[in-house]
């Protein structure tokens, strides 16, 4: 049994920093561990243009702790009216690394998203031409589709066609939650990948609903049946390079989670790497952590792997029960739980 593990510095390929005063909590929490992060653009208003991404990037960089080398990888928010010229500007920038497809109404601050993903093929064509990755929140939002089926229906209705029509387009199936999603990524071409969150790896819908509703485990896409969780786990345990770390860390004030209509999102930034390590060790696959956390995402995004390292030590660490974020209490994912691994 190893008492420490040193890996190349990891990256987080999907997170939500939020904005304003919250950045003072979220940016250091990530930057102290991860070398880079794909930053979601679903602010209010959303980050629609390269110019807006540049301004947001500066606000993030202003909160990076002194002496810490961290690079935010910016993303633009696709809408029905995104011009092709904005895709070209993104491709020509050195800090915008992808465009994000949010079906309108699918998740937090997605009301400005795409109303019909099948009707923006001109944008997919431009992204393919200029080699700008497409990041997908893979859910439909039709009222008649059950919330637990939204990912499967999205694949059948939209994603399979997008993949077939644009074979040279890099696509990331963000926060994959179903066996159908895992199988889609496995069977698609090599320009298809998925990010995996700690909550979808470690939990299923029983952890949300059995014994009472647990609002701090509530996220979108929602937790699914155990069989879907096991499909995600298998992909990570076997070290499939199409699946890599993306926390989807997303803070909300406790008052907005513990409410009659609570917000979706799990704030996992501080605990993420120990959580992934704990899971992999439990499945005798700790040797897969470096690929999953440090190599596969960098390779997919065609960025250099980090040469510096981080070290995890076998030292019990209790996840804080509450974190002060801009004067608001935030309950983190796995709050109060003791993990066997901590950052050295």
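Including glycine, each Cβ sits where the backbone N, Cα and C put it.
Feature annotations, reproduced from Swiss-Prot:
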type	residues	note
ACT_SITE	248	active site
BINDING	14, 16, 100, 248	Zn(2+) 1 binding site
BINDING	16, 17, 18, 42, 137, 220, 252, 264	substrate binding site
BINDING	100, 137, 175	Zn(2+) 2 binding site
MOD_RES	100	N6-carboxylysine
Roughly how many Å separate the Cα of residue 17 (substrate binding site) from that of residue 100 (Zn(2+) 1 binding site), to the nearest whole number? 15
Cβ proximity for residue 175 (Zn(2+) 2 binding site), under 8 A, sequence spacing 6+, ordered by residue number, returns 14, 137, 195, 196, 197, 200, 221, 246, 248
Please report the DSSP secondary structure of residue 100 (Zn(2+) 1 binding site), reduced to three states. strand
Excluding 14, 16, 100, 248 themselves, which residues in that chain have a Cβ inside 8 Å of the centre of the Cβ atoms defining the Zn(2+) 1 site? 15, 38, 40, 42, 135, 174, 175, 195, 246, 250
About how far apart, in whole Å, are the alpha carbons (Cα) of residue 18 (substrate binding site) and residue 100 (Zn(2+) 1 binding site)? 16
Starting from the Cβ of residue 16 (Zn(2+) 1 binding site), draw a 10 Å sphere and report how many other Cβ atoms land inside it. 25
Among the binding-site residues 220, 264, which residue has the fewest other Cβ atoms within 10 Å of its own Cβ? 264
Which ones, of the binding-site residues 42, 220, 264, have a Cα no more than 10 Å from the Cα of residue 16 (Zn(2+) 1 binding site)? 42
Around the recorded Zn(2+) 2 site, report the further residues of that chain (criterion: Cβ within 8 Å of the mean position of the Cβ atoms of 100, 137, 175; site residues excluded), sequence-ordered. 14, 40, 101, 102, 107, 135, 136, 138, 174
